[in-house]
Amino acid sequence: VLAEAAVVFAVVLSIHATVWDRYSWCAVALAVQAFYVQYKWDRLLQQGSAVFQFRMSANSGLLPASMVMPLLGLVMKERCQAAGNPFFERFGIVVAATGMAVALFSSVLALGITRPVPTNTCVILGLAGGVIIYIMKHSLSVGEVIEVLEVLLIFVYLNMILLYLLPRCFTPGEALLVLGGISFVLNQLIKRSLTLVESQGDPVDFFLLVVVVGMVLMGIFFSTLFVFMDSGTWASSIFFHLMTCVLSLGVVLPWLHRLIRRNPLLWLLQFLFQTDTRIYLLAYWSLLATLACLVVLYQNAKRSSSESKKHQAPTIARKYFHLIVVATYIPGIIFDRPLLYVAATVCLAVFIFLEYVRYFRIKPLGHTLRSLLSLFLDERDSGPLILTHIYLLLGMSLPIWLIPRPCTQKGSLGGARALVPYAGVLAVGVGDTVASIFGSTMGEIRWPGTKKTFEGTMTSIFAQIISVALILIFDSGVDLNYSYAWILGSISTVSLLEAYTTQIDNLLLPLYLLILLMA
């Protein structure tokens, strides 16, 4: 935990030295209080005194999760300020303020249920919270303050609903990161729907917002419904499919139509088949998707024919999917990023829908999916949901989705920032895969207090450096401008975080690498 905290503080101080304004001082204060409160969360988890049932095979992860949204907002503000885009500069400040508010709420929750009340930690939280509130009070407009409070309110309700419905699926840090992101997306969608006259956004952005919110609301609806019904019967399964069609055609599509002001299905078909390059990419991705399905079927056939009692796929078998995802994303980033943006959104919707089918045992595929995917479970899938493949997709896609495109029109993504779209490919697709394979097969020197090895981390850094060199060769749009030292430091820092964190690395590592590269 101390080593993980040291890596996170190194990132925070690096961003602070780069930005060096009142908001970065707020980030430092937030990190200090999160470091102290994290130990209270850890003790609550060990004693079983937390309000909800969290994943037990990891520490709370409050510090690394608390810093993601604030740091992301800070670097977004800096980039948009450099590009002369005041609207997105203010948007970055709102993102940072929202992340700080959500993190402070999680800290207050931990201290509120800790007995006896930790006086020293309360004092530190009070000082840090006072500094943050004072600075934000004099920095945000009334409308921006209301927006932050709206996200906080949505976050509180989502915590109560989803953590009750999904026990043991998250650590406190993962819940903060995932539910905080969903809360922010939901608030943005509501805001843009109510101020439609003023919003002239890109249809692909609206598509992502509507899909994410629609899938979350659909899950909450069916979870509530199947409390009163047996979801495993044919009648319930038929009702599930009918209601999915009703919600999709009657709510999601009209909502998207209102935002983009055209037929969503016709827009999507026109977008996907607009150029020959897109058709070739879609055909290539279809082949890779077929290959991934064949890997699942082969591993299950291998398990069925084996007489061994072992029911889990080896680490190397799970990393096949990382390699397939790398082969999927690199051509998309090089040749057509808008298509990759939309395709990743569609894939996310499909993954979440199939997880609903598996979780609710919806016929005819529910039991089949349970059997096929059970082979690839690990200790992080201790709850009722299987989320690691969804986290893998998110980790690869978030660097594509989170790039402030209006702030990149004037070449502000030069230098190390040119690698921002590749943050997921480097951190998860290459780094995590190589570290896992080499560490488990050839690693002998273990990092203190972990199962990760020194050899795995070093080969991970080396593989990512080679990948950067290959990106320079094949992507003519990348110009690093001699920022090699910062790139090496960023890759090494995130690789150390991979060695020490017990959180979902598929989600956490790309976000930290994105933040460092964008800075």
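In case you wondered, yes, glycine gets a Cβ from its N, Cα and C as well.
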Quick test of your reading of TrEMBL: among 117-136, 497-516, where does it put transmembrane segment?
117-136
Pick from 170-190, 422-442: which range has transmembrane segment per TrEMBL?
422-442
Please identify the range among 16-35, 56-75 that TrEMBL labels transmembrane segment.
56-75
Against the transmembrane segment (319-335), which of these stretches has the most C-beta pairs under 8 Å: 56-75, 206-229, 382-402, 422-442?
422-442
Hey, which of 56-75, 87-111, 117-136, 206-229, 382-402 has the most Cβ-Cβ pairs under 8 Å against the transmembrane segment (148-166)?
87-111
So, taking each listed stretch (87-111, 341-361, 382-402) in turn and counting its Cβ pairs to the transmembrane segment (56-75) that are under 8 angstroms, which one gives the highest count?
87-111
Please figure out which one of 87-111, 117-136, 341-361, 382-402 racks up the most CB pairs under 8 Å against the transmembrane segment (206-229).
341-361
Cβ under 8 Å, sequence separation of at least 6 from the ends of the transmembrane segment (382-402): give me the contacting residues as numbers and ranges.
55-57, 72, 166-170, 208, 321-322, 325, 329, 333, 337, 340-341, 344-345, 347-348, 351-352, 355, 358-359, 373, 376, 420-425, 427-429, 504, 506-507, 509-511, 514
